[in-house]
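Asks: Annotations per TrEMBL:
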TRANSMEM  A:20-43  transmembrane segment
TRANSMEM  A:72-90  transmembrane segment
TRANSMEM  A:102-120  transmembrane segment
TRANSMEM  A:127-147  transmembrane segment
TRANSMEM  A:153-176  transmembrane segment
TRANSMEM  A:245-272  transmembrane segment
TRANSMEM  A:284-308  transmembrane segment
TRANSMEM  A:314-333  transmembrane segment
Amino acid sequence: MSALVLRAGRRSFRVERRTLWLSAILLGTILALGFVGLCYGGATWASPGEVLAALTGAADSVVIVEWRLPRVVAAMVFGCALGAAGAIFQTLTRNPLGSPDVIGLDAGAYTGALFAFTVLAGTSGQLAVSSVLGGLLVAALIYLLSLSNGLSGLRLVVIGIAVNAMLQALNSWIVLRADLEVAMAAGAWNAGSLNGVDWADLVLPLPILAGLLATLLVWFRPIQQSTLGDAVAATTGVGLDRLRLMMVLIGVGCTATVTAVAGPIAFIALAAPQIGRRLARTPGVALLPAALTGAVLLLTADLLAQMLLSPESLPVGVVTTAIGGCYLIWLLTQEVRRR
Amino acid sequence: MTTRLRARELTLSYGERVVSTKLSLDVPDGAFTAIVGPNACGKSTLLRAFVRLLRPAAGTVSLDDQQIAAYGSKALARSVGFLPQDPLAPDDIKVRQLVARGRFPHQSLLSMWSQEDEEAVTEAMETAGVSELADRPVQELSGGQRQRAWVAMVLAQRTPYLLLDEPTSFLDITHQYRLLTLLARLRDEGRTVVAVLHDINQACRFADHLVAMKEGRIIAEGAAADIVDAALLKEVFDLPCVVVPDPVTETPMVVPTHFDDP
Amino acid sequence: MISTETRPAPTSTARWHVAVLVGGFALLAAVAVVSIGIGAQAVPPMDVLRALVAPDGSANQLIVLEVRAPRALLAIGVGAALGVAGVLIQTLSRNALAEPGILGVSTGAGFAMTIGAALGGVASPAAELLVATLGAAGATLLVYAVGRTAPLRLVLTGVALSAVLSGISLGLRLMSPDVFDKYRFWSVGSLAGREQAPLLVPMLAIGLALVGALLLSRSLNAAALGEAVARTLGANIARVRLATLVLITVLAGAATAVAGPILFVGLIVPHVARRLARGSVPWLTGYALVLGPLLMLLADIGSRVLLPTGEVPVAIVTGFLGGPMLIWAVRKYGAGSL
């Protein structure tokens with residue numbers, strides 16, 4: 001048997017051994033990467049001992065606890081949120097292209113940010129508010145346009161792609177007309193970055209994301225059931241309309257919250273579910289593997305973004321796309337070879 | 001015969017295209033009902049209305065004198081099980097996992113896997129004859145095995161009503177008869193079975209109640225022996241034929257003759 | 001079904017298609033004449049025709065012959081290339097959401113342009129053309145090598161590679177304002193001033209590839225029925241796939257090289273054409289050959305007249321023309337029928 005059954009009286013809980021192992025390994029990797037992230041920053045290394053001392057409170061270290069720790073925590077939680085959001089959207093639309101960055105949420109956030117950059121002063125507060133508003137408006141627009149006699153996944157993707165392309169055209173035009181300096185600042189914001197994230201930035205986002213992810217756990221079983229196709233899902237008791245609205249709300253909530261703090265970090269939502277699913281080989285939605293893979297991706301990317309051109313720090317989105325994409329291509333070549 | 005599941009004056013349509021108007025059908029309780037008719041006569045559409053996959057433009061479907069529109073999603077799924085024509089299993093799902101999905105309506109959002117769930121799954125797999133395949137991926141099964149795995153999923157739902165849309169298509173003749181025999185046995189155990197069937201002879205042999213449809217209307221219904229004759233076949237299928245007693249079961253057997261227009 | 005698609009279509013259907021196509025070409029010619037006439041210096045349609053048929057060297061005619069006509073020709077070539085490339089990629093991948101960009105064509109070109117600009121070697125329009133074409137071809141080859149076995153994998157690989165390349169080039173651009181500046185102008189596809197670049201080679205390549213696409217469309221018709229059926233019909237799937245990809249690369253690569261990335265034409269044209277073609281790939285290709293140029297010409301006219309202050313890049317016009325069209329089509333016909 002490849003499944004592990006935990007029993008408690010007449011109740012039991014069945015998990016696939018492979019999923020369990022994979023989750024444990026991914027979790028271990030996340031913690032290890034997080035620890036490395038605490039050791040390294042600003043082109044200097046701290047010894048593991050110093051980090052442990054700082055974490056346990058045995059020694060005071062502003063650098064580790066106030067600068068590096070929030071950044072590492074942000075990378076972990078944001079990675080999970082983006083991976084989960086991607087898994088939700090790809091399940092909802094039954095299409096690997098149905099991730100938030102493909103269907104226009106990121107482009108909408110960028111439009112909002114460009115507004116803040118070109119019309120307002122471009123402060124971080126304005127950026128957060130206008131980018132979230134941009135993303136939410138686009139999400140609502142796509143959702144409403146996709147509604148007609150229920151929500152169809154494919155229709156949502158196609159309309160998302162259409163809206164995305166229009167927004168991209170608009171965005172690149174604004175960039176074209178803007179001063180070079182403003183344009184470059186906007187371009188850097190659009191690449192997404194965890195530079196300078198501190199605890200104050202995370203006070204609101206962390207509880208919001210925790211709440212969203214917890215809600216997601218509660219809804220996990222109906223989401224999984226929905227992968228049997230609309231007809232079977234409905235006749236086995238899934239309220240599809242309510243479920244879909246719920247999924248959209250959670251997915252958009254996760255994406256928008258991350259974007260408000262770190263900008264649109266591209267590609268994790270698209271790649272993490274695909275990578276996670278291939279690693280776990282679970283049927284339907286591999287929600288947990290997707291979330292954990294997202295965290296691993298973002299942590300790795302953030303470390304590399306700091307190291308590659310140190311002491312300069314690259315926008316993390318540049319690295320997420322590069323390594324996530326390379327890994328996905330590698331996985332795909334492996335699949336080709338196996339057949 | 002008592003009925004608890006009934007359709008009254010249904011108008012069924014896909015968007016602008018109206019399939020049926022004023023369609024009424026009482027499903028006899030504890031019986032095997034077969035719906036037959038030529039392609040695109042609205043038999044699948046009627047079935048979809050019974051399981052609320054299609055909202056009628058007018059008219060009602062009721063179960064125990066309560067409209068099914070008023071049932072909660074899970075409540076209805078605990079009473080009426082449905083197997084669509086070509087269900088699509090997620091990648092990498094194993095037979096046991098697929099069958100376990102049939103327990104969904106019996107679970108709440110947070111409840112864990114119970115003893116009853118486990119029993120229902122084991123029993124369903126035994127009944128459908130897929131116990132040996134429990135750990136095989138559904139993708140790797142043959143057509144007949146896959147269909148039985150899906151039947152097991154619906155059985156695990158443990159519903160008094162079982163509705164199946166062309167469950168025998170893509171099966172070889174042995175598997176067709178095995179599946180129909182299984183459905184008849186479920187009827188004997190007290191369940192109500194409704195199936196859209198392609199083969200009129202199989203329908204005559206296994207069904208207690210036959211419903212013949214054409215162009216969205218019910219042309220005739222009743223016991224096969226009472227309604228199936230050459231005139232009905234001509235009217236419903238436009239098929240010239242003679243009807244003789246089945247040498248095994250004595251039920252009507254349709255033997256096509258020659259077309260007038262070669 | 002199969003028999004009607006492999007044998008010549010019944011004559012009445014064929015006649016209907018021919019009539020619609022002839023009407024389409026007439027409309028295309030009319031729009032081309034209008035497009036040539038419109039601009040800072042308006043030229044009446046009759047003068048346009050006279051300039052094309054019997055040039056006499058007047059100032060108006062010089063504008064027509066030196067600037068407007070080449071630009072219209074460019075729009076027609078780019079539109080046809082993108083439309084037909086879209087038909088090919090959607091038929092090949094059996095994914096109605098695929099467009100040439102999905103094979104990494106535009107990101108490959110963009111990546112090559114960024115590298116070229118960063119190294120400082122790309123100064124002349126001819127060099128730009130060459131670099132962009134090489135980038136597009138390289139990216140497509142890589143995507144094909146990894147994803148050739150299944151349509152879905154092809155799409156995924158294309159998206160992944162596009163992400164890698166755009167990530168790296170974004171990083172490079174953010175480090176150098178010069179490169180960023182150069183790229184932001186190239187990255188918004190435009191026809192303005194591009195008619196002055198050496199166009200003979202890319203237009204010739206597009207022309208040849210279009211002929212190739214028409215020749216290949218019958219085999220694709222068979223391939224569209226799925227691998228097994230196609231094989232029994234005698235189509236060599238592997239060869240058809242390879243040939244199709246080469247054509248897509250040439251078409252989309254050349255179009256991107258001359259005009260920069262232009263979204264949507266490759267996505268929306270096949271959708272509209274499919275409504276007319278009713279399941280036949282050869283007719284689909286024919287319709288794309290008319291609709292692509294038509295859309296580009298209209299967008300180009302739009303790019304010149306929409307704003308009084310100056311030109312809007314044509315890629316932005318196609319974006320705002322194609323987006324609502326696609327949304328309307330999805331809502332009207334449903335996504336499943338795309």
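Here the Cβ of each residue, glycine as well, is placed from N, Cα and C on the backbone.
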Asks: Please report, as numbers and ranges, the same-chain residues at least 6 past the borders of the transmembrane segment (A:102-120) whose CB is under 8 Å from any CB of it.
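Replies: Residues packing against the transmembrane segment (A:102-120) from afar: 89, 93, 126-127, 129-139, 142, 156-157, 159-161, 163-164, 167-168, 170-171, 174-175, 178, 182, 185-186, 189-190, 252, 255-256, 259, 263-264, 266, 270.
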Asks: Between A:72-90, A:284-308, A:314-333, who has the most Cβ pairs under 8 Å to the transmembrane segment (A:20-43)?
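Replies: Answer is A:284-308, with the largest number of Cβ pairs below 8 Å.
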Asks: At a C-beta cut-off of under 8 Å, are there same-chain residues at least 6 beyond the transmembrane segment (A:314-333) that contact it? List them, or none.
Replies: 75, 188, 190-195, 262-268, 270-272, 274-275, 278, 297-298, 300-302, 304-306, 308
Asks: Which range out of A:72-90, A:127-147, A:284-308 gives the transmembrane segment (A:245-272) the most CB pairs under 8 Å?
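Replies: So the stretch in question is A:72-90.
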Asks: Could you give the residue numbers and ranges of same-chain residues that sit at least 6 residues beyond the transmembrane segment (A:284-308) on either side and whose C-beta is under 8 angstroms from one of its C-beta atoms?
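Replies: For the transmembrane segment (A:284-308), the list is 19, 22-23, 26-27, 29-30, 33-34, 36-37, 40-43, 71-72, 75-84, 86-88, 91, 193-194, 213, 216, 220, 223-224, 227, 265, 268-269, 271-273, 275-277, 314-316, 318-320, 323-324.
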